[in-house]
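Enquirer: Got a structure here, written out as structure tokens. Questions coming.
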Amino acid sequence: MNPSTHVSSNGPTTPPHGPHTTFLPPTSPAPSTSSVAAATLCSPQRQAVSRYSGWSTEYTQWHSDLTTELLWHAHPRQVPMDEALAAAAAASYQVNPQHPANRYRHYEFQTLSLGTSEVDELLNCCAEETTCGGTQSTVLTNATNTTSCGGAVAGSSNAGPAGASAACDLDAELAGLETSAADFEQLRRLCAPLAIDTRCNLCAIISICLKQDCDQSWLLEYSLLCFKCSYAPRAALSTLIIMSEFTHLLQQHFSDLRIDDLFRHHVLTVFDFHLHFFINRCFEKQVGDAVDNENVTLNHLAVVRAMVMGEDTVPYNKPRRHPQQKQKNNPYHVEVPQELIDNFLEHSSPSRDRFVQLLFYMWAGTGVMSTTPLTELTHTKFARLDALSTASEREDARMMMEEEEDEEGGEKGGDDPGRHNGGGTSGGFSESTLKKNVGPIYLCPVPAFFTKNQTSTVCLLCELMACSYYDNVVLRELYRRVVSYCQNNVKMVDRIQLVLADLLRECTSPLGAAHEDVARCGLEAPTSPGGDSDYHGLSGVDGALARPDPVFCHVLRQAGVTGIYKHFFCDPQCAGNIRVTNEAVLFGHLHPHHVQEVKLAICHDNYYISRLPRRVWLCITLFKAFQITKRTYKGKVHLADFMRDFTQLLENCDIKLVDPTYVIDKYV
């Protein structure tokens, strides 16, 4: 049974937006719309307690144990070496940092350990086991061949004593081979959800849950989460919120399901959520040719995998053009479900919830917050992460003892396949070191941390778009003030510098030295000067209403002039987030008397449409991959071909940015 198969509903097949077959999110079997309504009406008690509106700080709190555990799973890890190998590797890096064996040490974000993904054993979904044996042998072989060949090249190209020393340092060569092989093995396990023939684990879990969801209440709330996901920026904070709320929905409706074990035993990883909610968007109605859609997904997965593995080349395949299949309309123009959105806005109000504390907690003590101390928050987070690592080591030791006992009595009790295939252990977490200084980088759409020219692969302004309705309004006001600052032909960088200075002066209550941990001030979004908490009136026209608060100004200081310039005018990833984000929907809190009505409308219409097609997001991800990948001759040829198509794509999507050829090597 394929869990991602969309089954036609038995309800009405002509929604308000035109005649087409109505589909529900990936289910098996799919409940009819009439059964959903009947079950809802027959369960007044369940309806009264269901007040889930999505994207709320009630379900994702920075100090909760679940949040810390999710962040722990999203951190990179490094396999430790013994002292002798570590000393040899350090000496090799000092002598020849460009050696292929040392390039992977430079990419600290790559070395991590995560277990395999096996929904089958834990949930008894089906007998088929998810494996990646072929991928494993290929990756390890390539890693060994690259290092070996690289050593020969390095030895022949380096002239003088330094080159001779690097070529003859056998201990360093062995250290590089052992570390790279171990890291690649753990990266292979992490990338299991990104394989071509691996099913979506979330779809498998959803199919099981729907069989137990007798009154369809869980389906309605899951549909609301998917609806809000379509209007959320693709940022690390968005991924964390989705993971947390999805987990809470499972815990709330299926108490017998040990959701903690899904992450602890690596049945689910962060890339399962990337795949389901952002890359493949399994809940979205299929538009166009099924094979073309599959190719878009597989290409996107290959690019993400290449960034995680730190490969030298970007898996870019120039799209084939079929003249006979030309479309008269712009294929990149998306019709949004305006009637459904209007209905949602009519029965909702912008929430004052703000995820700034969670944002600071995520990136405290990392390179993303390099100029922001956050000492107390950093100390708290690191202590919690260390506690989780210690608990994981104890769990590993317990599981190993149980496996040894099972082996001793092997023929008498038989083998338990769940323990020997990696599904019951932590997959080597106890043998790896958490890279706390990098942060939960695998929550990001670009799962690699780089810095270049005062920018990084984590855009704080994109993260801020997922924080609150208020932050989106102030960001839009900031953009308006920059582009309309004066009538003279002043460069954008100068405009940003001047506007930023004005904004910092306008900040009503600047932070003093006593507020070193600025996150304490971001519990709720500020109200208007009159005390009104209704943000429908906030607009960029009234500067008093859209005035930034101290927390917002602090984030602007951290981003800097260059980061603001990159976000608004240079980066296609940021431009895509600006295009798709609808803060009124994302942070809309449904009125209590219309919660069930709106959820039913969303589930029935099944319009989970993003304002940018998945192919556009694929090209944006390719652009980001080219930015962080080392330039080789083959890579330069691919980049030239890609840039010609990419600039045309931006024009077709009506996205106006600084020419990408100017910024492809300038920022990350």
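In case you wondered, yes, glycine gets a Cβ from its N, Cα and C as well.
Under the heading Zn(2+) 1 binding site, Swiss-Prot lists Cys200, Cys203, His276, Cys282, citing sequence analysis as support. The feature Zn(2+) 2 binding site is assigned by Swiss-Prot to Cys459, Cys462, His567, Cys574, with sequence analysis given as support. Look at Swiss-Prot and you will find 1-10 tagged as compositional bias 'Polar residues'. Swiss-Prot lists 19-35 with the feature compositional bias 'Low complexity'. Annotation source Swiss-Prot lists compositional bias 'Basic and acidic residues' at 392-401, 410-419. Under the heading region 'Disordered', Swiss-Prot lists 1-35, 392-430.
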Enquirer: Output the one of Cys200, Cys203, Cys282, Cys459, Cys574 that, of all these binding-site residues, has the highest number of other Cβ atoms within 10 Å of its Cβ.
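Expert: Going through Cys200, Cys203, Cys282, Cys459, Cys574 one by one, the largest Cβ count within 10 Å is at Cys459.
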Enquirer: Select the closest residue to Cys462 (Zn(2+) 2 binding site) from the following binding-site residues, measuring between CA atoms: Cys200, Cys203, His276, Cys282.
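Expert: Looking at Cα distances from Cys462 (Zn(2+) 2 binding site), the smallest one goes to His276.
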Enquirer: Find the one among the binding-site residues Cys200, Cys203, His276, Cys282 whose C-alpha lies closest to that of Cys574 (Zn(2+) 2 binding site).
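Expert: The smallest Cα gap between Cys574 (Zn(2+) 2 binding site) and any of the binding-site residues is with His276.
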Enquirer: Quick one: of the binding-site residues Cys200, Cys203, His276, Cys282, which has its CA closest to the CA of His567 (Zn(2+) 2 binding site)?
Expert: His276
Enquirer: Nearest to Cys459 (Zn(2+) 2 binding site) in three-dimensional space, by Cα, is which of the binding-site residues Cys200, His276, Cys282?
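Expert: Result: the closest of the binding-site residues to Cys459 (Zn(2+) 2 binding site) is His276.
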Enquirer: Could you name the residues, excluding Cys459, Cys462, His567, Cys574, of the same chain that surround the Zn(2+) 2 site, i.e. Cβ within 8 Å of the Cβ centre of those residues, in sequence order?
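Expert: What remains near the Cβ centre is Leu460, Leu461, Met465, Gly563, Lys566, Asp571, Gln573, Asn577.
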